[in-house]
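Student: Got a structure here, written out as structure tokens. Questions coming.
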Amino acid sequence: MAGRPLRIGDQLVLEEDYDETYIPSEQEILEFAREIGIDPIKEPELMWLAREGIVAPLPGEWKPCQDITGDIYYFNFANGQSMWDHPCDEHYRSLVIQERAKLSTSGAIKKKKKKKEKKDKKDRDPPKSSLALGSSLAPVHVPLGGLAPLRGLVDTPPSALRGSQSVSLGSSVESGRQLGELMLPSQGLKTSAYTKGLLGSIYEDKTALSLLGLGEETNEEDEEESDNQSVHSSSEPLRNLHLDIGALGGDFEYEESLRTSQPEEKKDVSLDSDAAGPPTPCKPSSPGADSSLSSAVGKGRQGSGARPGLPEKEENEKSEPKICRNLVTPKADPTGSEPAKASEKEAPEDTVDAGEEGSRREEAAKEPKKKASALEEGSSDASQELEISEHMKEPQLSDSIASDPKSFHGLDFGFRSRISEHLLDVDVLSPVLGGACRQAQQPLGIEDKDDSQSSQDELQSKQSKGLEERLSPPLPHEERAQSPPRSLATEEEPPQGPEGQPEWKEAEELGEDSAASLSLQLSLQREQAPSPPAACEKGKEQHSQAEELGPGQEEAEDPEEKVAVSPTPPVSPEVRSTEPVAPPEQLSEAALKAMEEAVAQVLEQDQRHLLESKQEKMQQLREKLCQEEEEEILRLHQQKEQSLSSLRERLQKAIEEEEARMREEESQRLSWLRAQVQSSTQADEDQIRAEQEASLQKLREELESQQKAERASLEQKNRQMLEQLKEEIEASEKSEQAALNAAKEKALQQLREQLEGERKEAVATLEKEHSAELERLCSSLEAKHREVVSSLQKKIQEAQQKEEAQLQKCLGQVEHRVHQKSYHVAGYEHELSSLLREKRQEVEGEHERRLDKMKEEHQQVMAKAREQYEAEERKQRAELLGHLTGELERLQRAHERELETVRQEQHKRLEDLRRRHREQERKLQDLELDLETRAKDVKARLALLEVQEETARREKQQLLDVQRQVALKSEEATATHQQLEEAQKEHTHLLQSNQQLREILDELQARKLKLESQVDLLQAQSQQLQKHFSSLEAEAQKKQHLLREVTVEENNASPHFEPDLHIEDLRKSLGTNQTKEVSSSLSQSKEDLYLDSLSSHNVWHLLSAEGVALRSAKEFLVQQTRSMRRRQTALKAAQQHWRHELASAQEVAKDPPGIKALEDMRKNLEKETRHLDEMKSAMRKGHNLLKKKEEKLNQLESSLWEEASDEGTLGGSPTKKAVTFDLSDMDSLSSESSESFSPPHREWWRQQRIDSTPSLTSRKIHGLSHSLRQISSQLSSVLSILDSLNPQSPPPLLASMPAQLPPRDPKSTPTPTYYGSLARFSALSSATPTSTQWAWDSGQGPRLPSSVAQTVDDFLLEKWRKYFPSGIPLLSNSPTPLESRLGYMSASEQLRLLQHSHSQVPEAGSTTFQGIIEANRRWLERVKNDPRLPLFSSTPKPKATLSLLQLGLDEHNRVKVYRF
């Protein structure tokens, strides 16, 4: 698509990218033809519509649009119509129907029209042609005394007129014309060669124009008529042609046609003499007449032939209709239908050669045509069909063409011009022929009866062909390239060979070109053509006359002016020169016979001469022609490609300009409309948009909820439930649609009311303005009036004063002057009153006119505004309605598609789940069989061991018996000594093994004592810490006033640090967990104290507490990860069980309670899935915060160590480095940090160290502490979220061990808050032993009680009850183990199986254990070499719930395992 698409709502308005260079394939054309209702096999004549329609561009008012589902449709922005198919398809369907109707009606009445036209045109044509010829050839006066002899010419049989030797008629008739006016055939052939070149250039112009795509604007009536004629005339060309010629020859009346054709006969008196006239030196002016006439014919033909390709030159063509009529009218004479001179032997050969050349040229010409548009292809195909059909029907169509100039313009012009030339030949001869002509024509017209005449015609045809080929090489380069395609129409059909000779037609076609080519060929003809002296003289005269005619003819070559030039002025003098030589009364029968004999002799001589020259140069000319044709074909290809490329560029540029202009206009129009409407309808638009969005969102939500419900219940409901659901959806959609319609109507009503109110306000404001304007005008006029009156009064007073002064000076004249002045004053007052009255009337009239004008303008503005608002309202209503209906339809389609896809997906998933379930069941069965076989093997091995033990006891008893009887049986000592040694070896081996076991036990006991001593040391340290805490509490009480001064913003920034911490809260629980929580709580309170005092003492405590909290948070996250994994496993098992129940519920009878229970189960499962997703995101965030906090702690510690590095080495002796890890979950061991040290020792050592350290930089520590506060706050919120996502009520395991959980004080800091959840979840996770743990245990450590495993089962059963409120039939009813059904094994069953086989440690467990020990050894070495790492291990976890191993390094740096 071109340009950026425009979005209207959720619809995308696209632009069509029209490709001018696209050429559809034939298969695409056939498919499109079938789409618009064309049968390509039965209706090939309508295929041009398919070729045109498949590449037709989209109309301007139509635009392609795309909805949100991706479907493309077409929308008419003019009338609001939309459709799925291309708008041009319907248009071309109607065109197909119209064309089919035209073809059917024209085919039905064509035969009737032919007969009627023949009779009607006999009466119509003579007066028309006489008028036309009289107007164009007025100076020509021909006597009409030869009408009686012409009447006898009609009596000749039709075979003489339509035979292949019918040309002899013209030659024999011409032999006695105009008192022996004869000329050489070579001269006539030269002229024919010239006309051939002229016709070629005409065809070139026509082809080029059709290729440029200008043929799209041709006259449709003419094209339809030519198509009909070509279709109906192509079935039986030979038979129709013979019959039409016979009919024309038998029915024509020469008396009527002679009156109209005699001016044309004088005009073309030399045209037929070119073919068969002997040399007559006494008449040199006839060649000039012939050339001028041929040029006139060419010009007329150019003017008429350019119409199919250039409709814009119709005005030039209309300006000269008389020329066309003059050239067309003589075609009505049927006697000269085919005046070609060739024999039966030579004509087929030349026709084949010309046909080959024409086919090659046609192929070359068709290649670029295929690249043009479909309109150009249709026009070119139509023109080719017209040429062929008219060539077969030229005698038949001559009457209609002569009588109807409009049909003449629509048809091809080359054939009509040739017919006119032949008819003119016979018409010219008709006045000079009598009965002798008739007698001479009858034997010459029948080719089977007169062999001698056929031989003469053969010689004549050879001569004509020889001269043609001799004269064709010097043709101009353009004319040689253009003439073969033009003559192809006559050479293409072999059935016309016997009737019309193609070479003569080529020669006559070539006579229709411009005068420039004619003069050039005349000069070349003088140089190359070997002809008698008379012919040369005539050629020179003809060349001179052609040069005189040159300017007029060159004007005709120009495509813009070729019709406007009249050919009659150069023709008239030549025709006048022939007037006194054609009186038919002076000719006698003897003269005619003498002329015939002379003509026969001259013809024989010329034929022999031409045969010899033809045989010599035929091969050379053919080679030259082939070479030139190839060159011209290449040149034509290049020219046509260039023209096509330039046309494409112009069309593309025009399209782009038009698109840009349309976009600009549309944008201007839209911007104008927006600017006009925005001010008045912004609020309403927002309200409507909000309502629409709300309704659409509500509709979408309802649809989504319905889709989810359908997805959930798709597999458990049958067709009846689906139909019911569809009905409910339709009802809801109808209700929503009604609601939308109501909302839309409401919005429109509001908009209408607002517009009415605005209109009233505008009217009121306009009236107020008008009234104000009137008042202002009145006041201004009154003010002016008052000023005028006051000025007049002042003038009067001044005049009175002057008069009084004069009266005082001149007492004698006072009375007289007073009378005069009083009279003048009265006149002045009267004049002033009249002037004021007129002025007042004018002002009032002007006021009234202005008021009327303003009222009219106001009414116009109101009407215009009312119309604009109404149009805008209608437009918005239509847009909203269309948008809503389109949205509803789109949602319905999307809903149906989504339903179908969901149905298919559910079906596929169900199949996959069933297949997986079958595979899992098969695997579980295999595992059960494997376990059974392993159990059997173990039992067998145990039985074997018992048997071996029994045999060992018996052997020992036997050995004792042998020792008692040693003295008695000394002779057997040697035999039994060996047995005794073997027994002793076995005994020693057993003793050694027992000793090793004792040593291991002693080592474990020693380790236990060490650990107890460490515990005592830790208790002592805890007491010391308690004392230190009391001192710190005293200091905290002293600094209470500082804590009260902390601002509200700091409290909000760190809400989890609260200063009111009491030591009694820390003393409520004992043990290691108590120590952790106390230290962490104290670290939080000490951090608050540090923020005020910034003492290094508090910083070390802050660092210690944060380290403990960090490790606790890590452990909590690890426990949460394990819990989440278990919940995920249980969720997967529950989902599998739910799917199984759903499938069983569908297979069994429908029961709504069961379906409702399954729906509740599904909701619970979805809720659990959401909770797990939230837990994942929260844990991810917690991990990130832990990393940040650890980095900050490391930075703080490194800064502290840098401050203390210059104080000397660390005081105190570190205790032994050790690592303690929990074996309850070996899978997540690698992800945990094994750096756990003893915080009390570390804090005590740091306390001892801190006393001697100087104060730190407050700014750096304050920044790090502030970042730690923020991270701790975020981490607390994340851990609280994780705590809230877990089950609220702890499992029974937590109730059985209350002493081990620290109390949670609501006033304590949030850091211990997640310690409680940590303890709860650590206890929960530690209650689930795995096979790896039992492999480590190997029976030495304390066993977990059965209540622990039972607690895990209870917890999982509680989960199952939450997922399945209706009950768990698998757990309550099925006696099979849980592993076979739910995909996991219960803790009790794991304990039972693992205790049974604890002696056999798997290889994988040992390998994992060895790898872990090796990694821990390397880590211990790294810790030993790093002095900055913490020195003490963390306190052990409660022994009642955890089975712990401790790794340590002995004096040889080897790892030793201590279990406790």
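Cβ from N, Cα, C; glycine included.
From a predicted model like this one, the values you see are computed outputs, not experimental measurements.
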Student: Candidates are Ser779, Ser1277, Ser1366, Ser1443; I want to know which one Swiss-Prot annotates as phosphoserine.
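Tutor: Matching Ser779, Ser1277, Ser1366, Ser1443 against Swiss-Prot annotations yields Ser1443.
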Student: Looking at phosphoserine as annotated by Swiss-Prot, pick the matching residue from Ser1095, Ser1144, Ser1224, Ser1386.
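Tutor: Residue annotated phosphoserine in Swiss-Prot: Ser1386.
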Student: So one of Ser210, Ser517, Ser1276, Ser1388 should carry the feature phosphoserine according to Swiss-Prot; which one?
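Tutor: The candidate carrying the phosphoserine note in Swiss-Prot is Ser1388.
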Student: Can you dig through Swiss-Prot and tell me which residue of Ser430, Ser531, Ser566 is labelled phosphoserine?
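Tutor: Record lookup in Swiss-Prot returns phosphoserine for Ser566.
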Student: Of the residues Ser164, Ser186, Ser671, which is given the phosphoserine tag by Swiss-Prot?
Tutor: Ser186
Student: Quick one: mean pLDDT on the region 'Interaction with ATRIP' (1-194)?
Tutor: 66
Student: By DSSP, how many residues in the compositional bias 'Basic and acidic residues' (686-719) are helix, how many strand, and how many coil?
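Tutor: Output for the compositional bias 'Basic and acidic residues' (686-719) reads 28 helix, 0 strand, 6 coil.
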